[in-house]
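All remarks here apply to the structure that follows.
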Amino acid sequence: MGYRLPEHFITYCLRGAGQVFFMENALTGVCFLLAIAYASVDTGNWATTVGAVLGLVVSTGTAYLIDARDKAITQGLYGFNGILVGIAVPTFLAAGPVMWVLLLLGAAISTVVMDAFSNVVTKNWGVAASTGPFVLTTWMLMLAAYAFANLPIASMGPPKLPEAISVAGFAGMAPQDMLVILCRNIAQVFLLGNAVSGVLIVIGLLVESIPATIAAILGSVVALFCSVLFGADPAAVKAGLYGFSPVLTAIACGVIFLKTGPKVLVFALLATIFTVIVQGALDTLLAPVGIPTFTAPYVLAMWLFTLPKTQLQPHPHAPSPDAKIGN
Amino acid sequence: MGYRLPEHFITYCLRGAGQVFFMENALTGVCFLLAIAYASVDTGNWATTVGAVLGLVVSTGTAYLIDARDKAITQGLYGFNGILVGIAVPTFLAAGPVMWVLLLLGAAISTVVMDAFSNVVTKNWGVAASTGPFVLTTWMLMLAAYAFANLPIASMGPPKLPEAISVAGFAGMAPQDMLVILCRNIAQVFLLGNAVSGVLIVIGLLVESIPATIAAILGSVVALFCSVLFGADPAAVKAGLYGFSPVLTAIACGVIFLKTGPKVLVFALLATIFTVIVQGALDTLLAPVGIPTFTAPYVLAMWLFTLPKTQLQPHPHAPSPDAKIGN
Amino acid sequence: MGYRLPEHFITYCLRGAGQVFFMENALTGVCFLLAIAYASVDTGNWATTVGAVLGLVVSTGTAYLIDARDKAITQGLYGFNGILVGIAVPTFLAAGPVMWVLLLLGAAISTVVMDAFSNVVTKNWGVAASTGPFVLTTWMLMLAAYAFANLPIASMGPPKLPEAISVAGFAGMAPQDMLVILCRNIAQVFLLGNAVSGVLIVIGLLVESIPATIAAILGSVVALFCSVLFGADPAAVKAGLYGFSPVLTAIACGVIFLKTGPKVLVFALLATIFTVIVQGALDTLLAPVGIPTFTAPYVLAMWLFTLPKTQLQPHPHAPSPDAKIGN
């Protein structure tokens, strides 16, 4: 009824950007793209912004190839993994023709993986795929880069055996330093180490949801507190690398996938703390293969904390009625 | 009807201890706690016993927070993962305030993970979560310890690349040495390297189930035989580290989850031997990240051997009727 | 009705050989066994051919122990994992009595794992287990070999941290060299580095299915093109190690599990390219533990690309109706 398809497609893509923070709002998506562009201005590396846009367009477009549901496409549910693939590839790999080919392939594949994950974790288990497809797809691309000479690595690794950290060294931190970290915790969801980008993202959240904004900020605070308490690597904490997954967990478990209430707040707090622990754990686990965790700590924690949403009876320690082998 | 709640809660906790060996019996749980305490007397390290009690109480208590089914709570199905978390943390990490915080968090998280696993492996696949939640939760805690300065490691690692073992060296073993190993194989289910603790655990099993006791002992014998046959590291074999997972597999596949019978005995024997192989495999797999396997070999083998319990038709090598992409 | 059981059982086994390439045809299986035997003639190592036959017989026979469905047994669906276990063990481990014990155990276990996988990936998710059971079982056997002195390693590893490849060096390749690689890409599905074996396999495919034959050849071409484009290790490419998984993906996604059509061809092409990427990725991932990828790149890609076969609605970014924790 008078809608023009190209305009629509752009709206879906912008919603896809917003859905990285669970916001089905094109204006939120615009704020997020500005956050990404601001970081490019700051670093001088525009490949991440170009990659973000390409990833968004290709992943949303690929949804048509695989006959995905129209409603999901319009909600932007096929764009949020693709935009993250599009930022991650030029962040960790050196720009070049084969890198751009890989980026386009990765964005398209992320849409297929989204449907694959939805079949397993949503249809069978009742939880969201969320950024799981981004994590799996981009892990494959990053691991493959070590094996392929035409995909030189810009800033990952090198692979090394994990060593126990012995000095934490948070002797003193000025309040303004803490504020910068709190913003970076939010910006790193888009792999941006820029505090101003974090502020732009918060503005984008405010456009759509005040509860989600509050959850993001509280998640950032809890992550900073816990990472200092546990004694995480100060350089990583300052870069916001201990905060981005907990921020997502706080929003997902406190506001988006569970109905906010007193018990859910305690539950989401536990989930957020657990995400900080999993961040440390996956940093150790992936050290020997030299790839980043991406949002895997969030995905794992969110799955574990949203799976038990109905009353469940664990398997009794006795044979089930359909046990039939050898009888 | 005259039952006092605190008494009940203690009973549930004790049943939780018993459920590590699938025994819903509080008295069995008392024997198991005695086995843990005996090892503490022997080593002088009481943190493991204190941790066991805390883990039991916190994990069972957390089940109320997440509105778990009352029946499952009373059966002790939320305690057996927590008690193992509570023993494992002070076994591998140095005692300190942050360690105790981590232990309490880990016990609470193990209950959430239990319900998450139940949703997937029990509701969807029809098998038991068993100690899977303990393994996953504690792996995260142990891996995180490498990344956190305030969680110093006491006895794990260091991470190293696996090297092929070349000399087995079981030149001769006295019968009494073998008996000690057979007991340690059982004690190590609770991470105890103490033969007397193994005897106390066997007594606890006898209280509830003679078939389970026999399966435990046979599983221990099969594990010792196979690990010598394959030429496993003698130090690990002597410490009981090649036996605890096979012991659990033998009970689980021979008595608990399948109906005992001639074919099931052959099947459980194959599962038990496979568990020895998986123990060696996971030792190799985890060497680069420096964490213990815990009961993962049992969990993997038990899942693989209890999943095929109904007659299944594998996927034909032809399109399924609902294949729709691109048509 | 006049059928003799031994004859039948042999037919089932031969079909099992054929099913490695999805062909339920005993004559195809004969061609494949000839391909394996030809490579043994060439290398002088007959253990792989003997292992293949033993693996086929034991895995198919074990299906009776676990009361598998008769129809699936007759289709050869319990043999194709076992034959691959039987070839892999003597390829990577040194021959000796314990190795043969391990081979027989592994073949039997692969049948149990087949039913376990079918319960999860086929019954719950609607996709084929395919060679997943072979991969998981043989990974366990290979990892365990590092831990067991009586299972000396012949040709794997050593475990090492991955290093980024910097020189591709495909300066020039003669057409006949390319032809040899295209054949090896197909032969390596059976772990054979022999081009003539590849030709015998193609003949076996032709006996049953022309579309599958075409898909295999096109998959081999795409794999060679992509691995050169990405700059993969020339030695690995020349040995056919970048091609065997893509060949299987091309057949599986282009002909077997989806209905061939214009969109499916584009989809299968993307899946095949992705398989080359995953091959590089898993080479990196497994370097620290020193084991081969086997067909894992194919299995992962095939699962991800056949899971989205029905129209799916991804999880909305909102609480699901049955979200109940803490309410």
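Just so it is clear, glycine is given a Cβ too, placed from its N, Cα and C backbone atoms.
The transmembrane segment feature in TrEMBL is assigned to C:20-40, C:46-66, C:78-95, C:101-122, C:134-153, C:189-207, C:213-232, C:239-258, C:264-282, C:289-306. The annotation site 'Important for channel permeability' is assigned in TrEMBL to C:Thr295.
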Sort C:Thr295 (site 'Important for channel permeability') into helix, strand or coil using the DSSP assignment. coil
Would the transmembrane segment (C:78-95) count as touching the transmembrane segment (C:289-306), if touching means at least three Cβ pairs under 8 Å and pairs must be 6 or more apart in sequence? yes
Would you kindly list the residues that approach the transmembrane segment (C:289-306) from elsewhere in its chain, counting only those six or more residues past its ends and only Cβ-Cβ distances under 8 Å? 84, 88, 92, 121, 127-128, 130-132, 134-135, 138-139, 142-143, 146, 156-160, 189, 244-246, 248-249, 252-253, 257-258, 267-268, 270-272, 274-276, 278-279, 281-283
Which listed range (C:20-40, C:46-66, C:134-153, C:239-258, C:264-282) shows the maximal number of Cβ pairs under 8 Å with respect to the transmembrane segment (C:101-122)? C:46-66
Intrachain neighbours beyond the transmembrane segment (C:264-282), with Cβ under 8 angstroms and 6 or more residues off its ends: 215, 219, 222-223, 226-227, 230, 232, 241-242, 245-246, 249-250, 253-254, 258, 293, 296-298, 300-302, 304-305
